[in-house]
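The NADP(+) binding site annotation in TrEMBL covers D:ARG48, D:LYS54. Annotation source TrEMBL lists FMN binding site at D:ARG125, D:SER126, D:SER127, D:ASN241, D:ALA242, D:GLY285, D:LYS300, D:PRO301, D:THR302, D:SER303, D:SER304, D:ARG326.
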Number of protein chains: 4
Amino acid sequence: MSYNTFGREFRFTTWGESHGPALGATVDGTPPGVPVDEAFIQQFLDRRRPGTSKHTTQRREADQVRILSGVFEGKTTGTPIQLMIENTDQRSKDYGEIATSFRPGHADITYHLKYGIRDYRGGGRSSARETAARVAAGGVAQAVLAHLLPDLRITGYMVQMGALHLDRSRFDPRAIPDNPFFLPDAASVDEWSDYLDGIRKDQNSVGAAIEVLIEGCPPGLGAPVYAKLDTDLAAAMMSINAVKGVEIGEGMAAAALTGTANADEIRIGNDGPMFLSNHAGGILGGISTGQDIVVRFSVKPTSSITTPRQTINQHGAEIDLITKGRHDPCVGIRAVPVAEAMAACVILDHLLMDRAQTGGVRGEIG
Amino acid sequence: MSYNTFGREFRFTTWGESHGPALGATVDGTPPGVPVDEAFIQQFLDRRRPGTSKHTTQRREADQVRILSGVFEGKTTGTPIQLMIENTDQRSKDYGEIATSFRPGHADITYHLKYGIRDYRGGGRSSARETAARVAAGGVAQAVLAHLLPDLRITGYMVQMGALHLDRSRFDPRAIPDNPFFLPDAASVDEWSDYLDGIRKDQNSVGAAIEVLIEGCPPGLGAPVYAKLDTDLAAAMMSINAVKGVEIGEGMAAAALTGTANADEIRIGNDGPMFLSNHAGGILGGISTGQDIVVRFSVKPTSSITTPRQTINQHGAEIDLITKGRHDPCVGIRAVPVAEAMAACVILDHLLMDRAQTGGVRGEIG
Amino acid sequence: MSYNTFGREFRFTTWGESHGPALGATVDGTPPGVPVDEAFIQQFLDRRRPGTSKHTTQRREADQVRILSGVFEGKTTGTPIQLMIENTDQRSKDYGEIATSFRPGHADITYHLKYGIRDYRGGGRSSARETAARVAAGGVAQAVLAHLLPDLRITGYMVQMGALHLDRSRFDPRAIPDNPFFLPDAASVDEWSDYLDGIRKDQNSVGAAIEVLIEGCPPGLGAPVYAKLDTDLAAAMMSINAVKGVEIGEGMAAAALTGTANADEIRIGNDGPMFLSNHAGGILGGISTGQDIVVRFSVKPTSSITTPRQTINQHGAEIDLITKGRHDPCVGIRAVPVAEAMAACVILDHLLMDRAQTGGVRGEIG
Amino acid sequence: MSYNTFGREFRFTTWGESHGPALGATVDGTPPGVPVDEAFIQQFLDRRRPGTSKHTTQRREADQVRILSGVFEGKTTGTPIQLMIENTDQRSKDYGEIATSFRPGHADITYHLKYGIRDYRGGGRSSARETAARVAAGGVAQAVLAHLLPDLRITGYMVQMGALHLDRSRFDPRAIPDNPFFLPDAASVDEWSDYLDGIRKDQNSVGAAIEVLIEGCPPGLGAPVYAKLDTDLAAAMMSINAVKGVEIGEGMAAAALTGTANADEIRIGNDGPMFLSNHAGGILGGISTGQDIVVRFSVKPTSSITTPRQTINQHGAEIDLITKGRHDPCVGIRAVPVAEAMAACVILDHLLMDRAQTGGVRGEIG
């Protein structure tokens, strides 16, 4: 089964373990003739790379991507693109207790129960390190989107970290690249930084919420009823490590609304339908409306913490466990570029699906 | 593409429009030798059927399911099962304005933009009537689960309707079948009933939140990293009409938690690992832990309301639209059996996936 | 799994047993806005229908197709098309011995071994009656192809029946519709008819070879390396009941050729590349060249014959079995419209796949 | 789409071009806990490796496989297995004319027409070098089969090369590993060697036919009607470069048989059903019978020959082309281990599919 494959037309399969020799993504279905090279993909990986601020794991990985196939003379050929990232900082060490213990809140125990065997080094396949491969695949998607939908823009940012919430009245996307939190509010960066320092000093970790804004998406993408655009976005986000909730537009808050409040009324604008609000988050009936698409998701706190927790080990003994090592106090931070990558893959996938079924022809209004 | 197909091993494809002659589900991958008949499936359809209380659409459909293939002498044969439900109450009428107008918040406009043609009668393919087919497919899944996992129990119920919330201290699952809200709290039924009456009299509608509790699920189901159990549950719920958010365990609230609070500590119980809490909602790393699985989702308010809303029509004219007809003031109510059906299909799907890959053998502890 | 589904973009799932209430095909991925109605599809079913000559089974089925969804006001809507054919001539009878016996050369024994249960009535799911559903799905494909590729023409015909071979020097496609053998040689029809009469009187059956010629297929269809056009055509034909071999172009005879003889040399013609021969059968590297595509396959003799054969039954007893009933002495005859249907589905599938990946843009020459 | 992916449960995606830095296979769906290492896989690659006799291309590739993921401490973990083979002998050269010319009978022209761009170095993606990746994936399949079906044996051998045919009365499988033709007849090796020398000296090439014999396959594998075992075997073989025909059992010769001759009669043997003949090639109704499975296919002669052929180039000029370089005079030879690998993948895939649907339980006889 396609357990490790994401997408329908534009498909990628990720492979690799946290402390194996390499990891990567096998990308299939790419349109031919699209300009792309390692430098283009590398910029996305650099945004996700560990060790770039004190707020992320101090593991130092170059995360240098290599294109092994599918690109010739700087352009895609339409054949599979193999993206490989070598692991360079897998510290050789005695894994000792961790090899047979199950961190509470971690996949250790479920991988053991399911497979009877697991690469325990650094979390193996369940490590968030797998998301580097997604970001690389997302880089290919971004290259194709830049070619086919030049007006599209995908922007991820944090809207919550533990007790702190983004003040939306101060939303400024220009601030995002300039702080380690992908926070669209420059004035609050110090507060967020101090807060996370406190969490770390408490030998604790904290959850987060991330929003992805997709601007410039044309109407008509999404294939009801089981390949709806929002269904696929939800699956994309929920597949990211530690994600526990996904929302489109109003999200869970829609439960509290009335029909009159929720209706996104429509007028005629210069370029066709003009919506007066966007409770729907840009998707109706699983198909994009042409408005901004708004996706939000939560990330639970890192389960690897240095405060002791009660757990058991493989031998059936009850133990208290402290997880040493280099762990992000808020894994949600690095989920931002991952979510952008997943969003890019979903949008491209649906663009190609739509080309197949409708040829990209749109129904007319007026 | 499998646009209208759900599942990997246990797959169903739904077909049919709201006012066409029939709708149904083509179910493939069913294990052979499982007892099932029309009466068994019918009980699930009866729970979803419109017209059973004043709180749901007054469209009267028998929703009688017929098994056309794949069952012989009362047992599945392993070949495709065709489930057909004839539409009997598609009132012949002049669709007039609705044929060319776009209801705000409805898929009318996106179907038109994408396909250039749509069956506007009763919403056509975008109608929630499609969910009857899912419930029928879910009935087959329930039959197989009863055969293979007799201890499994899937229970859906409402936890929110507009301003009203379930008081969890009064949670009583025995109350669920006895009220039109699938509310696990008998004492609050009158309050919910009065509230929804008010909404309807105001020519309005209201959103809802539903929770699905899966008890008795064995550990080891879920296939990381893109066919995680929670990923598939999220996709399943998000594919239901009008759903805007999905949560597993703590859901969006996980963003506010710390690692120490969120850790589900583990001890040794009588039957293996015993978790002291369940913030994770029964899934770690995309694989079931053996705990209760908890899924929650929101449903936006019905977009078809009798209060006039500003919109446009296919000819490009700006109009005010009142949606007449028989619409549920809270579509979330009937989403409850639909969500149970989807959950049953996901669990069965993963059970079969796991049989394929691991043969159902589990890693040992102790 | 998609056990009963064929195709990638244009997908159909067939369902139904020989003597069940109905059978049909669930078709997904159809482009919207394509004119199609029941009469159009019916013409293909009529060519396959049993009981139309003394050379096919005397079972009399109207094989009347009904469109239950996906078509609105005479055009496809892009939603799933359900095609249903009711079984009307399932003679009620005592199946007696056949219910537990295994016909030599028939799927009776393997269905029993695999599933432990089978609908033995008329062969159940393994009956060639399933191909009626394929022909219906093929009718939809033909409608779409007529819309998108009006110059395409798919023609099937018999090239061998037991000891008789088509004399290719007398090949005349105009003769095909006018004889029960789909034989492109009017002068030989009597000889074929007498031969098959003799076979039937001998209580025997006979094999056949069928060729499908696809004219007007544009270059560029086919997706290497595991969705090659020839790979998919081979799978399509091999999936038809009783098929034992498939050939593209020179087929098995290619083993005897040298490279100089086999090279299809190329010159420049009026419309681009002009091939001087077609040993390749119109496909190179899995991609269509623009030449005629030539597919050939063999069909084994009907295994249900009235000459007694040694076999066993479900109880483990050794018996001699005579298969009574209404069976085609040469099932290959009715495989002709089935193969055309499968070819239409494959070509359409690849046309849509190509739209997705390349947008249908072709590399230029000159 | 899964253009470059083969299989359903046991899936591999090949990637890489003939003269790129590396090629490989991403394998997903492997059961956990299966012993496998690079040495085990390498033995299969060594059988396919070029340059091992004067009868195959003199390109010298170590074809050394590396396992980059999915294996831990010598056992599969159930996560994706990345198999990489670095290209070491891509001679740097001026490709000159070949970069823009189309070899007759080669995929050059169709790749150009479809994609508008192609990696012309050594045939790029269309090179038979891709089959090295299949053989590596097949090595993993062989390891799993050795674990789950220890009695299974898959043996490929040549049965025809141009004018020469295997004399089946002298069939001796022990001879196969000891000659460069995988010929099961030691006494004829010199004759085959002289014949192929003559072909090469004539600046020509020649076709071949290969048979794959699968012994010890249990009954019940195969999933009708579109995932039949023979359908998948046919697709597997037809996907191999230069294959033009595929046969199961009697193959194309079935067209000439009568029902009485073709019936494989059945008696009761020591271990259940005992078939008195095997015209069916071990498959009935798409499901294995438990008999030997017999698959045969033809390979056309190498299209790259040093005798000049008429063709055109990308600029639209008519030219005469001689293909220099290191090409096999009979590509069919190296197709033998490739076919074995594909057969292993198909059998394993169906074994896992069957575990999913039936749990491996078989219907009883007696």
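Each residue's number is its place along the chain shown, starting with 1.
Positions of Cβ are set from backbone N, Cα and C atoms, glycine also.
Annotations in TrEMBL come from automatic prediction, not curation.
What TrEMBL annotates, mapped onto the structure for a quick look.
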{"residue": "D:ARG48", "record": "NADP(+) binding site", "Cβ contacts under 8 Å, 6 or more apart": "D:ASP63, D:THR131, D:ALA132, D:VAL135, D:ARG334, D:PRO337, D:VAL338"}
{"residue": "D:LYS54", "record": "NADP(+) binding site", "Cβ contacts under 8 Å, 6 or more apart": "D:ASP197"}
{"residue": "D:ARG125", "record": "FMN binding site", "Cβ contacts under 8 Å, 6 or more apart": "D:GLY16, D:GLU17, D:SER18, D:TYR111, D:ARG118, D:ASP119"}
{"residue": "D:SER127", "record": "FMN binding site", "Cβ contacts under 8 Å, 6 or more apart": "D:GLU17, D:SER18, D:ASN241"}
{"residue": "D:ALA242", "record": "FMN binding site", "Cβ contacts under 8 Å, 6 or more apart": "D:ALA128, D:VAL299, D:LYS300, D:THR302, D:SER303, D:VAL331, D:GLY332, D:ALA335"}
Fewest other Cβ within 10 angstroms of its own Cβ, chosen from the binding-site residues D:THR302, D:SER304: D:SER304
List of the binding-site residues D:ARG48, D:ARG125, D:SER127, D:THR302 facing chain B, defined by a Cβ pair under 8 Å: none
Filtered binding-site residues - D:ARG48, D:LYS54, D:SER127, D:LYS300, D:THR302 - keeping only those with Cβ under 8 Å from chain C: D:LYS300, D:THR302
D:LYS300 (FMN binding site), number of other Cβ atoms within 10 Å: 30
Cβ-based proximity (under 8 Å) of the binding-site residues D:LYS54, D:ARG125, D:SER127, D:ALA242 to chain A, or none: D:ARG125
Mapped DSSP class for D:SER127 (FMN binding site), helix or strand or coil: coil
In three-state DSSP terms, the structure that D:ARG48 (NADP(+) binding site) belongs to: helix
